[in-house]
Amino acid sequence: MIKLNDGFLRYPNIFIAVGLIAGITLTFAGLSSLAWPQSIPWEGAGSLGGFLGFLAFTAIAISLIARKFGLNASQSTVAVLLLLSIVIGAGALWPLLVALWFAVACTILGYWLLEKLKIKTSVWHNCFLVGAGIYGASVGLIAYFPVNYSGIYAAALALPVALAWRPIVEKGGALLESVNHGNTNERPGFGVNYLEAAIGVLAVVYFVVALKPEVGFDALVTHLFVPAHMSLRHRWAFDVTTYVWAVAPMLGDWIFTIGYMLGGEAAARLINVGFIFVLGRLVLDCVLWAGGSAVGARWAVLVFLSTPLTYMVGNSLFIDSIWASFVVAGTLAMLRTCFSSAIAENELPISGFLLGCGLAVKAVTFTVLPGLLLLLAWRFQSWRKTAGLRSFALGFGFFSAIGGIPYATAWWLTGNPVFPLFNKVFKSAYSVTTENFSDQRWGRGFTWDFPYRITFETGKYLEAYTGGSGFQWLLLFIPSAIALIVFKKTRGVALLLIGAVAIVVVFCWVGYLRYALPSWAILTAVTGVGLSAVITSRWFLSRIYLAAAVLTVALNLLFFAGPSAREFTLKPVFDQFGKEEYLRARLPVRSAVELVNRLNPDRNPVAVFAQPLMAGLSSDALYLNWYNITFRSEINSKSDEKGIADVLMKRGVNFIILDAGGNGEVCCGAWAEKQALIEKISDKIAAFGAVSVRKLKTEYLFKTELLINAGLESIEGWSVPEGAKYNPETGIIQTNVDFPATQNVSVYSGRYYLNTVVARCAEEPTSGRVQITWLDAKRQFVRADIKPFDCIGTEWAEHTMEVMAPLDAVYAIVYISGHTQIPLEFKRNSLRQ
């Protein structure tokens with residue numbers, strides 16, 4: 001038990017009041033220093049007005065439905081969401097059903113596994129998270145193999161639902177019953193129902209925004225790119241030479257892949273928002289576990305959902321919602337282990353499993369572990385007696401097994417378990433530097449005025465505007481921390497210490513706020529516990545505290561917009577033309593990606609001289625940034641048209657995506673000169689604003705002859721069987737299907753080749769063929785490309801076949817052959833690249 005000097009606790013309200021007054025003063029001081037209205041992040045008054053209007057409309061809808069049908073706020077929110085789904089139409093209804101299907105399947109699978117392991121839990125979202133972790137890890141294990149089809153994923157989700165439909169009905173009825181008889185006790189100020197209605201309004205905002213097309217940078221680079229790649233190509237190659245991050249922990253991306261495979265982009269985005277809601281529920285559970293009231297818990301959820309950082313994670317496909325859900329749930333399970341005797345034996349294995357899932361999503365999970373290890377050491381005698389070392393060993397086993405999968409994969413493929421990080425420690429043959437990777441955009445270190453800095457200087461710690469981290473850190477967190485101490489809320493102090501230690505560890509490494517999202521959720525729960533303690537007082541302090549809470553939510557909503565969501569428009573949600581117009585205006589590169597997919601059925605690599613926002617591209621993208629340093633170096637080393645064209649042809653590139661406004665990367669020195677050269681060697685096919693789709697000019701293709709004696713001046717280089725006849729005086733060879741002449745050459749997979757033959761009939765009309773057989777590195781058969789042609793006279797005729805070397809092709813056998821046993825004469829066979 002934490003013991004404090006009684007003198008310090010004699011006048012607790014005074015200390016809390018000082019914290020409140022200091023926070024309010026600092027907040028207004030910070031606000032007064034801003035430039036108004038320029039500091040408001042919304043894209044004009046229209047966007048802010050539209051957002052506030054939507055909040056009002058949703059609040060009225062929830063209220064009317066509640067009164068009309070006698071429902072409480074939670075049920076009314078569900079009704080509004082369902083009505084919105086119907087209004088939006090079938091285009092959004094199926095993705096919603098996929099997201100719900102995923103949630104049900106995960107919950108059943110998690111419940112089944114825990115039951116088989118004789119681990120009892122009554123927390124439904126723990127079952128859901130365990131199931132989601134299993135599904136995500138399973139996708140990761142099969143990702144390399146070309147078996148990732150929607151039918152397999154559908155079967156995997158359908159199996160637990162089909163086998164457990166009766167428990168679904170029973171559990172569903174129990175869940176509805178619990179909603180009907182939820183806690184509705186009133187407290188001073190706003191009651192539970194009013195707070196749930198406010199939470200419901202924000203939930204509808206998150207739901208509707210999830211149905212908009214993706215425009216976020218991280219999502220289009222990685223977290224939507226990987227699911228789309230898996231859907232289009234049915235595998236992930238883990239190729240760090242093309243994408244340096246290809247072996248990074250991806251459990252979050254694998255979970256998004258399940259939604260994308262079955263319901264497209266909208267389903268993946270809805271799953272992301274679903275994890276935001278799970279995270280909100282975990283905030284509520286943390287408050288209640290720490291002794292907070294129903295009102296305080298719901299205030300914490302409302303503050304959390306109104307935080308711009310939460311909205312930033314919820315309106316784009318970051319993996320942070322998934323990661324934070326696993327970490328917070330695992331942390332709460334460990335707290336239950338250390339402070340409770342009834343369920344300690346069950347919670348420790350669950351904690352290990354969930355924290356392992358968090359580690360499989362992000363390596364930053366390691367920054368949370370020091371605080372948890374200190375907690376285990378502090379409460380060792382307690383959990384050793386109630387849970388036992390066997391439970392600890394089981395939890396550690398789960399943590400190592402599921403958390404270690406991506407790191408073992410990276411180590412096996414690159415020699416570095418955290419590739420491309422820590423290059424000084426782990427020497428990898430694929431690393432182009434011996435220096436540790438460091439994101440120079442963010443500093444490091446922790447200062448005493450941290451709450452003020454993250455509130456009013458957010459841009460130093462996040463891709464966000466002022467207030468992006470939320471305004472609760474001055475208005476609510478400081479007085480709440482004081483309240484926990486003066487009222488001796490031991491569990492609340494434990495939450496405070498775990499969250500604070502994790503933030504300090506993160507910021508000693510890199511000062512980036514998204515890496516502290518689990519701590520943000522935990523410390524938001526701390527504000528709910530502190531608020532619960534204060535509002536039970538009859539002193540006027542509770543009124544001030546509630547006013548500060550209202551002010552916090554109001555300011556959070558005023559600064560709610562983020563860099564990728566400064567506008568609030570519903571046209572992209574309700575109208576297909578509005579969606580296309582929205583993308584053309586906001587992100588024309590996505591239209592360029594769609595066009596390239598149609599023009600590039602062979603899925604040759606595409607050179608991207610633009611921002612790397614290639615989600616949905618059906619081929620590999622060759623980026624001109626640190627994602628592909630080899631390609632960047634090759635382009636950087638060339639200073640003329642032929643040099644750049646040679647690099648592109650060697651890579652098998654036929655199509656180019658070029659941003660005339662610059663590619664957004666500092667990589668090639670005089671970029672204007674490089675851009676001019678790229679434009680000279682390619683033809684523009686279409687333009688979407690500054691972004692154009694281009695094709696390499698034909699004159700640069702097929703310049704290099706690969707065959708020896710392509711003109712048959714001699715038969716050197718050719719393998720000519722006895723049944724074929726070669727005339728050295730005329731340079732003509734006569735063959736048929738039974739006696740072809742052949743020549744072996746080395747090739748590059750994915751590159752285009754032009755095979756040209758000049759032939760005529762030898763005796764009578766017949767058929768010939770242009771043929772290439774492709775072999776892999778072990779000279780095993782890969783594929784044969786054959787193009788027959790008819791021969792009807794003795795005039796020489798040219799026949800060509802343009803073909804792309806298949807994946808894994810290393811060698812090619814080129815044939816001089818007839819198509820029947822009737823012979824033909826050839827005087828040329830050329831293979832050019």
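Note: Cβ is positioned from N, Cα and C throughout, glycine not excepted.
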Per TrEMBL record, range annotated transmembrane segment [choices 215-233, 519-537]: 519-537
For the transmembrane segment (296-314), distant same-chain residues with Cβ under 8 A (at least six beyond the ends): 41, 192, 195-196, 198-199, 202-203, 206, 209-210, 272-273, 276, 279-281, 283-284, 286-288, 320-321, 462, 464-465, 467-470, 472, 476, 513-514, 517, 520-521, 524-525, 527-533, 535, 549, 552-553, 556-557, 559-562, 564-565
Leading stretch by Cβ pairs under 8 Å, where the reference is the transmembrane segment (48-66) and the options are 12-36, 96-114, 126-145, 350-380, 544-562: 544-562
Of 243-263, 350-380, 544-562, whichever stretch has the most CB pairs under 8 A to the transmembrane segment (12-36): 544-562
Annotated stretches the transmembrane segment (126-145) and the transmembrane segment (544-562) touching (3 or more Cβ pairs under 8 Å): no
Positions on the same chain near the transmembrane segment (544-562), where near means CB under 8 A and six or more residues out: 16-17, 20, 23-24, 27, 31, 40-43, 47-48, 51, 55, 188-190, 198, 299, 302-303, 306-308, 311-312, 315, 463-468, 470-472, 475-476, 479, 531, 534-535, 568
